[in-house]
Amino acid sequence: MTNNENDTPNYGTRAKISPEEPKDAIDLDELLPKIGEFGLYQKLLLWLVCLPACLPCGFCAFNQLFMTDVPDHWCKVPDLELLNLTQQQRKAISIPRKDNTTFEKCIRYSIKWSELASKIDGTLEYNESLPTEPCLDGYEYDTSLVVSSVVIDFDLVCDYDVYPTLGLVALNIGGPIGVYTFGLLNDRIGRKKSFFLCLTTLLTGSIMTAYAHEYWFWVFARVIVGLTIPAVYQIPFIISLELAGPNYRSFVTVMTCVFYTLGLILLSLVTYLLRDWRNLALATSLPFFFYYLYWFVLPESPRWLLMREKLEEANNVLKTIAKVNGKELPEEYTIKLQRQVIEQKEKGISKVKSVSVFALCRTPNMRLKTFLITLNWCASEMVYVGLSYYGPAIGDNQYMSFFLSSAVEIPSYLVCWVLMDRIGRRWPLCLSMVISGIFCMVTVLLPEDALTETLILYLISKCFISASFLIIYPYAGELYPTELRGVGIGTSAYIGGLGLIVIPFINYLGSSNLVLPLVVMGAVSVVGGLSALRLPETLHTSLPQTAEEGEEFGKDWTYADCLNCGDKKKIVDADSYENLDQLELTPTPLVEDGLEKPDIRRNSMRYLVRQSSIVETQRDVDGNIKMTYWF
């Protein structure tokens, strides 16, 4: 992503405008404070539209964990079902014991039950030396807790116990494909149409899931659902970011994370009340048909409309924002919009040369930073999602475990949000990942029956890894130089998304050893966290814009830098829009009544300005946020 001086002005960025650029170029970040940065319109849009849009993503991404519940099971003996015996009596007669309390799940005694059926009264016990055989006639299931699941309906146990894992793999395969596809649509047909197309795809896949009567059709339905995750909530989220003022974009980002987690907490309640997997699939999707009503209230992004030269529609959106916020759209900006479109039609839109991913690897320091950023991103995302998937398997009650594993994320987001601006990015990222990994690996020291202790260690680990998941995005955005930031974040995030395909197989190891997946994910988290110390600190520094500056940034790193926490280097007096502290001290002047008035920000908003800087820079030359950067 390049910002050449002769290019079309960047809407919503803080790039320096060259003298050759038109003086009447419109910057919506200068307009929003006049019509309301976060007024009534933005608040209604956020709380009533964009935050509820987080629910479908969380619901449909994690309801599969409860669709594939594996109840206690054992071999079916059809001849014994003809007798007047209870399920437990049939089990005691036909299934060998592992010990005094548990039975084998995948073998039975090899006996001609038809000949002995008349002699069995339900109390007969057989010698352990009797021959055994696999389950030739299917399985019986204990449905006292799990009434229905994909596992029960399709007999996905014993030789087929890996099949539920393949279902999760199918879901995660759809994710990268969907983000890329809907990302292109998001930029070509607009945010609004893309959202409803994405919502339609999600609902179609969910309904197909509920009515699947063959395993492979169910897997195909999960791929379709996966196409929309996480794209279905990113699109309205991007609209919120583009309509909110610079001082509030960090707040919007954190609130999106919090509301997403609240959705997971709500999911734990829904799954507790609904134990039938088909009803669960419908209950976590059909209510979202009401989201089609958003068509009448969800606006198109004015930045996208300006890029497409749709002046009238962009002007109407801006007038609506100003009206709801109790302000008026300044006439001068309407004139500027008209002039800008006329100039675009006369001169054409400047074409920006796309940046290749290979530009990240041409120089040694940039190559090393790209590798470390991608490693941290991949480790953080894999461990976070892996622990989220593994939540129901920990503890005595899977519903309570999932509830707690979701609830611990909220305090980590809020604390991390503050710490990032106080002590920097590097050490919070390192400590959160290392501490998370240590608590994961410590579980191997506990006895097998220490379920409560394992759950506590798991929750602490989940809390810390959630914090790292919030840090890695803005930190990566600050480390990549401006002209490589888009392709850099896109590459790191995409590789991280591909890593999720491996996670279900790691969790599958837990079927034989409960803590083994925790140990593996803990090791990955520790390695990722320690490698973060090799990255330079970005707090209170002037960030790189060009590839050359990116190569020099952090090139003088030494082992002593690892001890620096919240590196407060003197900021270079440059015209870089990345100079965050200078942005506070020299705000953009506003012209009103012929006088320049400084945009005085409240002290409580200062940290929001710094935190939101990278949110604002993930844009193309026209100032539009690229959804693929947010994967």
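The backbone N, Cα and C atoms fix where each Cβ goes, glycine too.
Sequence-distant neighbours of the transmembrane segment (44-66) (same chain, 6+ residues past either end, Cβ-Cβ under 8 Å): 149, 167-168, 171, 195, 199, 202, 205-206, 222, 225, 228-230, 232-233, 235-237, 239-240, 243-244, 252, 255-256, 259-261, 263-264, 266-267, 270-271, 277, 280-281, 284-285, 288, 291, 294, 297-299, 324, 388-389, 391-392, 398, 402. Per TrEMBL, the feature transmembrane segment maps to 44-66 (among others).
For the domain 'Major facilitator superfamily (MFS) profile' (107-540), the model's average pLDDT works out to 86. What TrEMBL records for 107-540 is domain 'Major facilitator superfamily (MFS) profile'.
The transmembrane segment annotation in TrEMBL covers 162-182 (among others). Within the chain carrying the transmembrane segment (162-182), a Cβ under 8 angstroms from the stretch's Cβ atoms is held by residues 61, 64, 68, 70, 150-151, 154, 156, 194, 197-198, 201, 215, 218-220, 222-231, 234-235, 389, 494, 497-498, 500-501, 503-505, 507-508, 627-628, 631, all 6 or more beyond its ends.
Marked as transmembrane segment by TrEMBL: 194-213 (among others). Among residues of the same chain six or more beyond the transmembrane segment (194-213), those with a C-beta under 8 A of the stretch's C-beta atoms are 53, 56, 60, 67, 178, 182, 185-186, 220-228, 231-232, 235-236, 278-279, 281-282, 284-286, 288-289, 291-292, 294-295, 298.
What TrEMBL lists as transmembrane segment is 219-239 (among others).
Per TrEMBL, transmembrane segment is recorded for 251-274 (among others). Proximity of distant same-chain residues to the transmembrane segment (251-274), defined by a Cβ-Cβ separation under 8 Å and at least 6 residues beyond the stretch ends, is recorded for 38, 46, 50-52, 54-55, 57-59, 62-63, 66, 233, 237, 240-241, 244, 280, 283-284, 388, 399-400, 402-403, 406-407, 409-410, 413-414, 417, 470, 608, 612, 615.
As annotated by TrEMBL, transmembrane segment applies to 280-298 (among others).
The annotation transmembrane segment is assigned in TrEMBL to 371-390 (among others).
Through the fold, the transmembrane segment (402-420) approaches residues 62, 65, 250, 254, 257-258, 261-262, 264-265, 267-269, 271, 387-388, 391-392, 394, 428, 432, 455, 458-460, 462-464, 466-467, 470-471, 474, 539, 607, 611 of its own chain, all at least 6 residues removed from its boundaries and within a Cβ separation under 8 Å. Residues or ranges marked as transmembrane segment in TrEMBL: 402-420 (among others).
Within the chain carrying the transmembrane segment (427-444), a Cβ under 8 angstroms from the stretch's Cβ atoms is held by residues 376, 379-380, 383, 387, 412, 416, 419-420, 454, 457-458, 460-465, 467-468, 471-472, 475, 515, 518-519, 521-530, 532-533, 565-566, all 6 or more beyond its ends. Among the features that TrEMBL reports, transmembrane segment is placed at 427-444 (among others).
Residues or ranges marked as transmembrane segment in TrEMBL: 456-475 (among others).
What TrEMBL records for 487-508 (among others) is transmembrane segment.
Long-range contacts of the transmembrane segment (514-533) within its own chain (CB-CB distance under 8 A, at least 6 residues past either end) are made by residues 372, 375-376, 378-380, 382-383, 386-387, 390, 393-394, 426, 429-434, 436-441, 443-444, 446, 448, 454, 458, 461, 465, 468, 506-507, 562. The transmembrane segment annotation in TrEMBL covers 514-533 (among others).
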